[in-house]
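Sharing the record's features from TrEMBL:
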- 6-132: domain 'EamA' (DOMAIN)
- 143-275: domain 'EamA' (DOMAIN)
- 358-380: region 'Disordered' (REGION)
- 31-51: transmembrane segment (TRANSMEM)
- 63-83: transmembrane segment (TRANSMEM)
- 89-110: transmembrane segment (TRANSMEM)
- 117-136: transmembrane segment (TRANSMEM)
- 142-160: transmembrane segment (TRANSMEM)
- 172-193: transmembrane segment (TRANSMEM)
- 205-225: transmembrane segment (TRANSMEM)
- 237-254: transmembrane segment (TRANSMEM)
- 260-279: transmembrane segment (TRANSMEM)
């Protein structure tokens, strides 16, 4: 994969790392569900207003499922775990997401996850634990289950986003669908549990605006853009940057202190991201994937021309083509309408060479015994 794609995709977890400080410093306290709702729903409606496209067919329920997994359920469980698991334990559970994505990639996608990616995920989770955990961390059962559920929710959302692809609409459009669906799922929960704040200050409005436009609309668009071009396990590994950036922002902007162990953990996690980013992933082409997604998988396109010469037709069938003869090199090409769909895992057609002795001149002109009109074999 091209490094620029990795770098651009990495901007999303970097931006997400700054949202922790924005939430604590600019938003009203004790309203995490409302914060999640106002992150997702306005951003989704904004993108829908720009693109003016609604889902069609299966993409109504697919958008609802992806919006719930990537946004609604994930945000809700994330905030519950963050409130009930002090000491950064929620971040540690989130750091296990690359391992979950790697497992789901093997099960739901026909991709082999490189051992390097798995090792990087383990090392990265350990590094995040060293960077954010404190001695006072405790394991609350409800918070622990919520953290694991949130991790599994977004991991499944990433893999399904990769599997289903994108219909013939823009990336902004599908991102808007997901954000709107997730926001609509969160809205009644936030209003019923927390309600609206009595007043909003200018700082509150600025904080919500930053989270909505930068931290959600732009960040998720870039995230899904990278997911279309990178393996899901590698994209998830980039998510380890989020707690690292949050810790660094807390130290640089909020005056929070860092211990040598935390610095070591940050270095370990960052090194794991770099190590895993260079992994090679072999994709096994699955022609049974659903055809409704953008770039839908097709059956392997059959070569025409050279493919016929290579044995799809017998010698007698080739001589019954209405008198047409092959008079030169036969170019391997695809049937009309299948350009760009040749499965790269198939063997390409072998070039065909025709010499003088290969020409079918007929008994009147060439009484010598002669073979087939076309000889199969590689060119010298």
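Cβ coordinates are placed from backbone N, Cα and C, and glycine is handled just like the others.
Keep in mind that what you see is a predicted model, and the values were worked out from it rather than measured.
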Sort out the residues at least 6 away from either end of the transmembrane segment (117-136), same chain, that have Cβ-Cβ distances under 8 Å to it, and list them.
86-89, 91-92, 95-96, 98-99, 102, 231, 233-234, 236-237, 240, 243-244, 247, 261-262, 264-273, 275-276, 279, 281
Using DSSP, tally how many residues of the domain 'EamA' (143-275) sit in helix, strand and coil.
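Within the domain 'EamA' (143-275) the tally stands at 108 helix, 0 strand, 25 coil.
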What stretch in 31-51, 142-160, 205-225 has the biggest tally of Cβ pairs under 8 Å against the transmembrane segment (63-83)?
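Stretch with the highest Cβ contact count: 142-160.
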What are the DSSP helix/strand/coil residue counts across the domain 'EamA' (6-132)?
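The domain 'EamA' (6-132) comes out at 104 helix, 2 strand, 21 coil.
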